[in-house]
Amino acid sequence: MAIQIFKVGLKDHSVLDPVLKRAREDLSSTLALVKPIVEDVKNRGDSALREYTQKFDEVIPPKSFVLEISKLNPKIDPKLKTALVKAAKNIRNFHKIQIPENKEIIIHGNKLGILHTPIESVSVYAPGGKALYPSTILMGVIPAKLAGVKNIQIVTPPRKGTLPDGLIAAAKIAGADRIVMAGGAQGIAAVSYGTESIPSSEFVVGPGNKFVTAAKVYLSGQGVIGIDSPAGPSEVLIIADDSADPMWVAADLLSQAEHGEDSVAILCTNSLSLAQKVKEEVEKALIERPKRGEMKRKSIEDHGKIFVFSNLEECFVFSNLFAPEHLEIQTKNFKKDLKKVKHAGSVFLGNYSPVAMGDYISGTNHILPTAGAARIYSSLGVSTFLKRVTWQEVSKKSIQNLYPHVKVLSEFEGLDEEHGNSVRIRR
């Protein structure tokens with residue numbers, strides 16, 4: 001059994017509700033484990049970080065946790081460099097259109113405006129674990145640079161006491177200032193509080209395992225750092241009709257399963273025929289492409305689903321309830337169907353837009369809200385690293401004209417003696 005097919009309607013709560021509630025993981029038990037680690041790094045700095053690096057990453061800690069990128073000259077395959085440079089260019093070009101304008105307006109003779117100012121220091125977490133993610137470095141650093149962040153560092157676990165040149169090259173191409181070789185909750189704590197050797201950051205972004213997420217949530221709750229949306233397992237929801245290629249749909253489901261055993265891969269369709277063909281293609285692919293096979297199979301068996309609804313409208317209703325990290329729309333009228341999307345991290349339209357294009361090269365960001373957080377969070381972007389500062393310049397004439405309203409409002413709130421007076425004396 002690779003992936004199950006369910007013929008459902010929106011009222012089939014016993015089948016759909018557990019899926020909708022997926023990965024809204026209770027972090028309380030993880031927070032209990034993470035809190036003492038974070039506090040220990042806060043109190044003992046580099047010494048604690050060395051102990052946890054050896055314990056959790058199972059490597060001899062590096063002599064220095066910090067690599068200044070300007071001093072590094074990574075040697076990588078020319079093809080990898082070309083791909084990283086191309087990806088960086090596309091990411092940069094797409095994110096440039098997100099840079100907001102400072103605006104102003106005149107209301108009753110008063111000038112009011114918006115000024116966008118960047119966060120000053122940011123850390124971008126690049127996971128270690130089961131894969132290397134130079135693409136995540138590009139996705140995190142480039143929008144921060146465009147926003148005007150002056151101090152950007154990568155935080156990532158060391159591999160055998162050092163880092164692959166591919167990660168260093170990505171950091172250099174993206175424009176980061178330094179790399180901090182520390183992972184997990186201890187790495188997040190180090191860049192949040194700072195240590196003897198590691199500068200602190202005001203804001204931390206990027207995906208990671210549950211310990212990284214718990215550390216970010218804890219430190220954010222303590223007011224130490226700002227964070228992007230809390231990260232959970234990777235996920236894709238595909239809406240497809242009978243115009244979709246079942247082999248391609250199956251490949252897209254499996255590309256998500258390749259991330260990890262807890263990854264979520266769902267197909268919603270109005271075609272039972274497509275559902276059956278996709279199921280066959282998934283099983284066939286698991287046999288033909290055995291690399292990371294156990295991981296993919298467990299992901300598909302535990303978290304993979306094919307839902308056959310009576311019509312596409314119900315597919316979109318379910319998708320908006322699910323609020324997927326990645327949403328693929330492989331339908332005849334995919335451009336029209338885009339208007340039905342309310343909640344999704346990133347949308348991939350048509351048969352030629354697999355998630356992997358956005359993961360690596362097209363230019364959109366792959367640091368996305370998961371576990372239904374797309375209902376309230378957006379993808380990482382330039383605005384993630386900007387603050388909106390409002391300003392006003394009030395005229396004497398406006399003071400005279402608007403004071404009566406200030407008087408009424410301040411008296412109603414019981415604050416006229418000082419609030420009202422501060423306007424009254426300027427008339």
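A Cβ is built for glycine as well, from the same backbone N, Cα and C atoms used for every other residue.
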Additional site residue, ASP228, ASP241, ASP302, ASP359 [criterion: listed by Swiss-Prot with GLN256, HIS259, HIS419 for Zn(2+)]: ASP359
C-alpha spacing of ASP359 (substrate binding site) relative to GLU325 (active site, proton acceptor), in angstrom: 12
Among HIS259, HIS326, HIS419 [binding-site residues], residue with fewest other Cβ within 10 Å: HIS419
For HIS326 (substrate binding site), the three-state class that DSSP assigns: strand
Distance [Cα-Cα, Å, rounded] between HIS259 (substrate binding site) and ASN209 (NAD(+) binding site): 12
Three-class DSSP secondary structure - TYR125 (NAD(+) binding site): strand
Cα-to-Cα gap, SER234 (substrate binding site) vs ASN209 (NAD(+) binding site), nearest whole Å: 11
